[in-house]
Structures are given as structure tokens and as C-alpha cells.
Amino acid sequence: MMEIANVSSPEVFVLLGFSTRPSLETVLFIVVLSFYMVSILGNGIIILVSHTDVHLHTPMYFFLANLPFLDMSFTTSIVPQLLANLWGPQKTISYGGCVVQFYISHWLGATECVLLATMSYDRYAAICRPLHYTVIMHPQLCLGLALASWLGGLTTSMVGSTLTMLLPLCGNNCIDHFFCEMPLIMQLACVDTSLNEMEMYLASFVFVVLPLGLILVSYGHIARAVLKIRSAEGRRKAFNTCSSHVAVVSLFYGSIIFMYLQPAKSTSHEQGKFIALFYTVVTPALNPLIYTLRNTEVKSALRHMVLENCCGSAGKLAQI
């Protein structure tokens, strides 16, 4: 008769993180905190500008307002726990906290994959079908695409995370990372995880490979349309319209490909932690800078908002 293992769920997980390099923890704390503050401030400004400036009430900026909210939520699901572990001697996270962390991070990561593909379709419609753009990207479609992105990400997170949470865990409760990821939780299971792995590969295909394919096809059509534009000014405007999105897609998918789609032996586990640190902390902070520095409309709206607030405050002081 087969012996039944002790499969009680642990009350806490130990996040080893960067504990093997204690000399780096203080430096990493300062760096991570700085990037986190920049991320919250920058993404918050993008959301505020997108909602307050009527000139930005277009399909492109409707989707753009979703992206910074995603970035803020994603980094907030991971960074506070990371900062606590870097600062103090405790390197633990509760079982419930770990579950919430991988539910939310999986949900928001999948949502961003679909949203970036949706934004590429919006750019395709704007450049390749300019005369029909307002008809194609009508408000109902934009709302439907945004909802599909959020609900699609939520669905795959609910399925994958629930399957992971149902795994009987036994033995070691140490996670050699700085946040809870489903593949690492699966490694702690004492049963066969083939079903979980199959679901993870299927979700990766649907939410990573297919959106990336749509992005590449969209930009293939866009590149062909831009090359047909005769005037240099027209080509420059078309390039500026897409450059911010291309930069964000390159950062996001570049990190994913470098992290997950390489042969296992080509990247050490320690290198993997720093790559994960890049896409969870650095990328969300860079995205608003990319959109403000490379987008004249956002810069103009931001300048207008600052001047309006400054002039309004000066006027009120003068009346007093």
C-alpha cells in the first residue's frame, strides 16, 4: 500500500530573494524604492493627463490610460513585499499573501500582453485605414477590447492560479526568488504537475505568442504603409505615432523572451532574478518616461496642465 505523504500547506513561504548577496540588499532597497516612486508618480501623471485633457480623449489614449494603471498595479503587487524583505531580517511571506501575489501578477501580466496587441491594432487602423479610423475604432469597440483584455487576463489567472493552489505541497517551503511565481510553487508540489504545466504552456501560447504575432503582423502592415508615404514629414509623423508603443513592446516582450524563452542552461538562476527585477521594477518606471518624452501630444497636455495649475494658483494669490 502506498504511503500517504504529509501534504499540509505551509503557513509561510521563505523568499530567499537576494539573501545570498547581503551586501547588495541595502543598495537594491534604495534602487527599487527609487524606481517604484518614479513608477507611481509617472504612471499616475499619465492617467491624470489622459482623463483631464479633452484632446487626449481618443482611442489611442483610452488604451494608454489602461497601461499605466496596469503597470502601477503590477509593480505594487510585488515591490512592497520585496522592499520589506530587503530591509528587514524577515524574508517570509504568508501563504495567503503568496496566493494573492501570484493571482494578481499573473492576471495583470496576461492583461498587458493582450492590451499591447490591442494597441498595435489601434495603430494599424490609424495609419493604414486613416479615413475609416473613427468608424473602426468606435467607443463601443474600444471599451469591448479593453474589457476583453482585463477579463481574458483574469480568466487565465483564475484557472492557472487555482490549479496551482490546489497542489498538495510538502517538504521545503523555500522559494528561491523575491516574489511568488507559479512555476516555483509547482516545484514544491509532491505530486505530478503535468496538468499544471500543460495549462501554463497553453496560457503562454494564447496570451504571449498570439498577441506578439498580432503585434508583428500589425507593424508589418504599418511599415509597408509608412514606406509608401512620399513626404518625409508624413513618414516622421507616422513614426512618432508608433515609436512609443514599439519601445514599450520591446521592453516588455524583450524581458519575457530573455527570461522564459531561452534554453535553461543559457541563463543562471541568479541572472534570472535580476531580469525579473528589471521587468517588475524598472520597466513600469520607464514606460511613462517613454510616453512623455517621445509623444508630443502628451508633453503638450502635461505642459498645459502644469501651466494652468500654476497660473490658477498665482491668480488666486493675487486676488488675496
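Every residue gets a Cβ built from N, Cα and C, even glycine.
Worth saying up front: this structure is predicted, and the values here are computed from it rather than measured.
The membrane topology recorded in Swiss-Prot places Lys91 on the side opposite to Glu233. Counting residue by residue with DSSP, the topological domain 'Extracellular' (81-101) contains 14 helix, 3 strand, 4 coil. Within the same chain, residues 5-10, 12-18, 78, 81-82, 85, 93, 98-99, 101-103, 105-106, 203, 269, 273, 276-277, 280 sit at least 6 positions outside the topological domain 'Extracellular' (160-196) and bring their C-beta atoms closer than 8 Å to a C-beta of that stretch. Ranking 59-80, 102-121, 141-159, 274-293 by CB pairs under 8 A with the transmembrane segment (197-220) puts 102-121 at the top. Within the chain, the transmembrane segment (141-159) has long-range Cβ neighbours (under 8 A, six or more residues past its boundaries) at 59, 62-63, 66, 103-104, 106-115, 118, 121, 199, 203, 206-207.
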